[in-house]
Structures are given as C-alpha cells and as structure tokens.
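*Asks:* Encoded as structure tokens, here's the structure I'll be asking about.
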Amino acid sequence: MTRTKAAADGPGIAEGPPAVALRDATAALGGRPVLRGVDLTVARGETVALLGANGSGKSTTIRAVLGQVPLTGGELELFGTPSARFRDWRRLGYVPQRSTAAAGVPATVREVVSAGRLARRRFRPLGREDKAAVRHALEQVGMADRMRDPVESLSGGQHQRVLIARALVAEPELLIMDEPLAGVDVANQEVLADTLRGQVEQGTSVLLVLHELGPLAPLIDHAVVLRDGQVERVDNPDRLHDLACHPHGSVPAAEAAPRIETGLLS
Amino acid sequence: MIEMLDYAFMQRALLAALLVGIAAPAVGIYLVQRRQAIMGDGIGHVALTGVALGFLLSTNPVWMAVLVSSLGAITMELIRWYGKARGDVALAMLFYGGMAGGVLIINLSPNGSNANLTTYLFGSITTVSPQDIAAIVGLSVFVLLVALGLRRQLFAICQDEEFARVTGLPVRLLNLLLAVTAAMTVTVAMRVVGLLLVSALMVIPVAAAQQATRGFAATLGLAMGFGVAVTLSGTVTSYYADVPPGASIVVIAIALFGLVTALAAPLARARAARNGSRGGPRGQGRAVAGGAEEGTLVADGKEHADNGTGPVDRPSRV
C-alpha cells in the first residue's frame, strides 16, 4: 500500500531501492503479537511518520526495522538488502525516546555525541575528523556551545537535541526517531523541525514515530497510522483530519481538509 | 615511614595496593554507570569458592579464583540477557551459593580452615607472595588494557546499550569482556582489600569523583587517583595499626567520599554564582524554559547549579 503510493507520488525521491521496505511484518513481545502484518516503505529522501495510539505497535515497528525486535514473519529490506544480510548499520541513525533516568556517571554532551561516531570508527581511535564531525553535529542542533556541559544539566528539549546530534554524527542516510517531540517545549520543537528540515534537504530519509505532527507536519511525505499492530491507513498529512470519521483503511476522498498540527491522536 | 619499605612483604603489598587502586575504579566506573555496582560484590562471593577450590586442589588460589569468578561473572551476564522477572533471585542464589560453596570446600580441604579464608575475605598485607605479585601484575595489565583501551566502546554500551547495538558494536562480546574483566579485578584486589570489601573499591572512588566532575573521562581519571590514594594510605595504616588492609582502605575511602561531597556543594554554588553574575538573567531564563523537565532538575541543588554554569556565555537557542 505504502510502496505503491510512494512510487506513485513521492516528491523528490532519489534513485535506488527504498531505505526501508517492510512487508507483512509480524512480531511478538513476550508471546503477545504486537505487529500483525505491517507494510511500510520509506523511499530514499522520503519522510514517513508513524502515528497511532499507545500500544498500536509504532515503537515495535521501528525497533524491528533497527533489528532490535526479531520478526516472526514477513520481510524486511534495508537499502535493498535483506535484513539478515544487512551489516552496514552506520547508514542508520537512531534517536531513541529520551530516557528520563539519569545515568550513573556524569557525561558531557561531547562524550555522548562521540559515542555515535563509533558507528563509523568501531574499534579505531577517534581522530581530528571525528572531532570535527562531533562539532558539526552539535552545530546542526544548536548545541555546540554546550559541548562541555554534563547532559544531566540539560532540559528535556536540549537533551533530545543532543541525542539527535549523536545520531547525525555518523552521517546516516536514514534517520529513525522515536517520539522526538515527547516532553519537548514549543521553542525546542521548532529547533528540532529546523534540524530535520536541513537533513531532509540533504536527502536523508526519515522514519519517525509521532504522537502529534506539530511543527514537523510540513516535512512529512506520508503518515502511516497503525492500529492494533496493523496499518490502518496511509495518507499525506494534509489529508489527515478526523480519523474517527474514516475507520479502517477507508481513505477519504481527494478533497484536502485543513491541516491539524497538534493533538492528532491523543 | 621509610623503614617499612625495607620489608619485602611490604614492598609487594604496596605494589599490589597501587595496581588495585588504579584497576578497581577503572572497571568499577562502568558498573556504576550501568547501575550494576553490586555486581562486583557478587563476583567477590563467587570468587570465594575459587579460593577454596585452590586450597582443596593444592593449586594457587589466585588462578583458581580467576577461573571460578570469571565463570560466575559470565553466568551473571547471561542471567541479565535471558533473565526476566526472576533475574534478581537467580543472582542472589549465585551470590549465596558462591559464599556457601567456599566455606564448605575450605573445610573439606586437608590444609585449609576458616582462618585461611579470613585473609581472603578482608585482605592481608603479609600474605602477598611473590607468585601472587606475578599474577596481580599480569591481571592488572590486562584489566587496564581493556578498561582504558576500550573506554569509548564500553562507555557507549553502558550509557545506552540499545543505541550501541544499533551502531553495530559487538555489544554481547563487549559485555562478556567487561564481566570477565570485572572478575579479574576482583581477583587482583582480593589479596589487598579482601573479597567482601572489593566492591567498595570499585564503587566508592567513582562515587566520590563524580561529586566533583562533569564528564566521564574526568570522572575516570579522578576515580583512579582517589583509588590509588586510598589503597596506599590504607595499606600503610594497616602496617602501623595492625588491622586488615581491606578495612582501613574502605574506611578511608568513605571518609574521602564524605570530604569530597562536603566540598563539592559549596564549590558548585560558587561556580554558579560566578557564572550567574556573568550570564545574568538569561542563564536563569534558560533554566525555566524547559518547563516540567526543568522542574526535576531544580529540585536537586547540584544539578541546578550545573545548569546555570559551564563555559557558556551565550545561552543556547531556547
């Protein structure tokens, strides 16, 4: 469903196989089926939002894409390579949901972001190029002046920006974000939207879980709405309005409804 | 002070104390970072069975302890992977089993008694033999190579394990390596600090250092400095006061922790005041901008102080 759609009307999509191609994916957590046949495609340069109520399988879907939740059925291809053979993890940048638990030992912003660079360096020591990459990633999220500060001293929004820098520092081709706006104030949401816009303009593919589109709405090419581990509907965000009126895959008629930016599915 | 260096046993004890003081916090910091500070304690309990087996089989207790505690540490790591709700109970049984097994086996062995065990439980400066020194030096070198050489990788897996897996690091292998390294550290430390108190030397210098530092590398360096300071002074105290070195080292370490904690709060306040007058109300505005998240930070004096400080003259784009 998404695939055909992406091929048909995705704007400005680069050549090559899609960054993510998930077909009829099923997965279970603790014996309970969480994904029950999810199709999801993120074409190159495309930004796809996963929406849905709590427990609908959004986070499990992206964790399956990242190889952190094993699929019990279906297929996953990353950049055209079946996931079982995929080794090029540095092409993926992951921004987890910001954890509220403080770490046991203090760490500076620079130290946390440098950890992201291991995706490229692995066991080789970090050099001048890596230091420049760390600075550049922090500049992209507007946190370069906090490099030496402990992450514990940051606000929720600033912490989120640091986690995004940690993903960007490896210069990924696909950015995967789990609820980047959760607990982030409006001013920081705008900064995040700017950062993401910069990435999209550079051709980075983006897959992100959202509760509400907020200031990210203009960036999103497709919104995939999950419900009970299945794709309920796929749409362009400017057509998304009152979901309750259009249950279960009945895509509304072509007329564009006014865009709703916040509180979409809360 | 100098005449104690004339004794060969004291030279060995001080060399062992020096190595332990460097190695224990260097590994302990990762356990503290992952909130597994208690793991060193568990390995210590399991190592006791190894020591007793050494007596029973008339081999060197140190190498037997390395073997058994490494197996114990790997088991703990496996329980952490696969264990779900009952993981803590399984760990507790491993701890108690190690302790009970040690006492049981030592009493079965021909030339062992609980008195032998006491020197391993609380440390002893007079019993560090030349063979022990060879083992301690070799193990310390390995421990430091891992703890310092792989510090970025170990930092990454302890800071955010799932992220580390996504970056493609061999997280399971690194976790096992860290577990075995922790087991070796316990064995290195057992002659000086003793198995029951070894965990204290892995945790307290780190806990003291992080009161005064803002980053991981700084904490690592300062913790190793604190570690050396307390092991050397504790060993010297043990020589003069004739108490087990483990006890004097841990008491000094706790005193140091108290001192650093008492000094850290006013220092942070002074730093905050200095920066506050420079950054002015803009710095405070930043602290408030985060809304609810900031509220949690404000509740803690030190964190709040940090929030307003730092080499930042320009507020970030908030």
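Cβ coordinates come from backbone N, Cα and C, glycine included.
The annotation transmembrane segment is assigned in TrEMBL to B:12-31, B:89-108, B:128-148, B:169-186, B:192-209, B:216-241, B:247-268. Per TrEMBL, the feature region 'Disordered' maps to B:274-318.
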*Asks:* Can you tell me which recorded stretch out of B:89-108, B:169-186, B:247-268 has the most Cβ pairs within less than 8 Å of the transmembrane segment (B:12-31)?
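*Replies:* Top-ranked stretch among B:89-108, B:169-186, B:247-268: B:169-186.
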*Asks:* With Cβ-Cβ distances below 8 Å as the criterion, list the same-chain residues six or more beyond the ends of the transmembrane segment (B:216-241) that contact it, or say none.
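*Replies:* Hits for the transmembrane segment (B:216-241): 1, 4, 10, 13-14, 17-18, 20-22, 24-26, 28-29, 33, 123, 125, 151, 155, 192-193, 201, 204-206, 208-210, 247-253, 256.
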*Asks:* If we skip the immediate neighbours and take only residues 6+ beyond the ends of the transmembrane segment (B:247-268), which ones have a Cβ under 8 Å from one of its Cβ atoms?
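*Replies:* Distant contacts of the transmembrane segment (B:247-268): 17, 122-123, 192-193, 197, 200-201, 204-205, 207-209, 211-212, 226, 229-231, 233-235, 237-238, 241, 301-302, 305-306, 309.
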*Asks:* For the transmembrane segment (B:169-186), name the stretch out of B:89-108, B:128-148, B:192-209 with the most CB-CB pairs under 8 Å.
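*Replies:* So the stretch in question is B:128-148.
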*Asks:* For the transmembrane segment (B:89-108), could you work out the same-chain residues 6 or more beyond its ends whose Cβ comes under 8 Å from its Cβ atoms?
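*Replies:* Sequence-distant neighbours of the transmembrane segment (B:89-108): 41-42, 45-53, 55-56, 68, 72, 75-76, 79, 83, 114, 116-117.
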